[in-house]
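Visitor: Sharing a structure here in structure tokens format.
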């Protein structure tokens, strides 16, 4: 069986390496690639995607997995070997349902769609990308059709990002959250928003970047294994265990833009940096779900990065970096400014209280597109109507409306957004568990020490990669199932003290 296991790992390594090459090409596409290269890049990615799919559906891989079934059952469920075979089989079974030609066609299409989105966003002209998005919806439906037995057409797409979740589970969870969240949002937004003018001074780009790099180094980002670059939409990507990258964007008249997007993407990167090195080259060398992944970006960005404990240490450093801009601004005033509550058009700029409404709008619109209840050409208007209804504001243009997010223009429509709210819920659940084990964490933050929190997350979440499902990770780390209560307790305590 050891020989069979070595053969399995060799085949999985080939898949991993090609996917890493694809990640490099995609990263370049989002950062430095010239616009005229879009068609060729689409062809390159399409060719590699077809090659990966062929290897993922190789009958020899299926035979190896069958041969290893008895061996898997003799190993402890939590063992690396049993986990590898289990996860590889799940991925193999899913891949076998999707034709290789479809995979190649989809990658070719999304490479061109991404470039059309970049141009449409710059020109504030949705019509430029509309036919591409229509095709994406069509291809998303086609993809879902390869998975018989799902209750809802979006379920196969949701399962890709959050394995085990489906529409019938997410809708009630979001309803429960909304039931408790809406009254709190209404109460807080009746109050005068905090003055955030201190964030809207002129902050030179290079200094913003340097401060952000100083912060994330202290949080635990390993610059021997990662770097930061610029992109229209911040993201994190991984090429290998020794090469994890983040991107950010900078506004010189808004300090919060680069600062918090950098911390957010660092949360994703810390997860990937923490996965066991010997998982590299296998399906275990990834985060377990979009919800768990997002829990880490939101935990570091909001629960840590917008806390008094965090800024007790970092605010003097920030004042030293920007003495003119922050002269006369107390730490308390700055804390209130970065936790200002006011409905906004941009999801990535939204405060903690209103953020989930942005997600729910997108989730509902995705479902409507897939169900055929909303046409792509009507999407901008439907977007504006929902924002007016749910947040009391409406985008005057498409750039700040339906074109603001990259997701629908670089992947499937469906299953792309629910992970953000699942991540918010989980961020508090994980943080509460860390505090129960180490109540000294807040005091340590005030001294610029994040090692204990990072260590707890490393031990209970990061190192496992995708060895366990999200449900298993939650149970192992917190001792309970997914629940919204820690998240609501956190929001009520924090914003009740600030505003009510």
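Cβ atoms here come from the backbone N, Cα and C positions, even for glycine.
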Visitor: Going by TrEMBL, 264, 268 bind Zn(2+); tell me which of 252, 280, 294, 332 is listed for that site too.
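Guide: The record-listed residue among the candidates is 294.
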Visitor: For residue 264 (Zn(2+) binding site), just count the other CB atoms lying within 10 A of its CB, please.
Guide: 25
Visitor: Which Cβ among the recorded positions (265, 294) has the fewest C-beta neighbours inside 10 Å?
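Guide: Candidates: the recorded positions 265, 294. Fewest Cβ atoms within 10 Å: 265.
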Visitor: Would you list, in sequence order, the residues of this chain other than 264, 268, 294 that have their CB within 8 A of the centroid of the site's CB atoms, where the site is the one recorded for Zn(2+)?
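Guide: The answer, listed by sequence position, is 236, 265, 267, 293, 296, 297, 298, 300, 301, 423.
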